[in-house]
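Asks: Heads up, here are the entries from TrEMBL:
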COMPBIAS  172-187  compositional bias 'Basic and acidic residues'
DOMAIN    26-68  domain 'DUF1648'
REGION    167-187  region 'Disordered'
TRANSMEM  12-34  transmembrane segment
TRANSMEM  62-80  transmembrane segment
TRANSMEM  101-123  transmembrane segment
TRANSMEM  135-154  transmembrane segment
């Protein structure tokens with residue numbers, strides 16, 4: 001008998017960040033398709049730590065960034081469907097904390113996916129527009145990719161709200177309002 005694949009119950013944060021990342025990915029692709037015919041033959045393709053181009057090449061090479069981001073995006077989307085394969089670190093998944101652990105990890109993965117799209121789209125937008133990415137790129141890169149990992153890793157190491165006694169009457173009211181579907185206000 002096949003075992004049913006266990007899905008993560010998507011809360012508001014996971015749904016909204018997913019929608020934003022899908023929308024940004026689509027907007028970036030549409031912008032790139034519109035902009036591509038108008039680009040010069042030679043473009044900056046790689047940038048040094050100072051944000052200035054250190055490698056130039058044909059505009060066709062810009063497709064590599066779009067394709068790489070799409071492949072990574074698809075990979076993260078697939079990984080999101082299989083919570084059993086996620087590494088929970090030192091946190092042991094029990095029946096009591098399963099929802100908390102998986103929602104935290106799903107929140108981290110959708111946040112990293114959004115951060116990845118922001119980094120790829122911003123770097124290409126700046127390269128096409130100004131020919132350099134500047135120091136702001138490195139700040140955006142660090143915050144967009146490492147911020148969610150640090151935040152959700154620290155959050156995961158703490159006790160779930162059920163163990164804090166913080167899911168109370170307010171959550172019961174929210175559960176009743178959502179037709180019995182309980183959504184965490186912590187994510």
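Glycine is treated like the rest: Cβ placed from N, Cα and C.
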Asks: What are the DSSP helix/strand/coil residue counts across the domain 'DUF1648' (26-68)?
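Replies: Per-class counts: 23 helix, 12 strand, 8 coil.
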Asks: Within the domain 'DUF1648' (26-68) only, compute the mean pLDDT.
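Replies: When the pLDDT values over the domain 'DUF1648' (26-68) are averaged, the result is 87.
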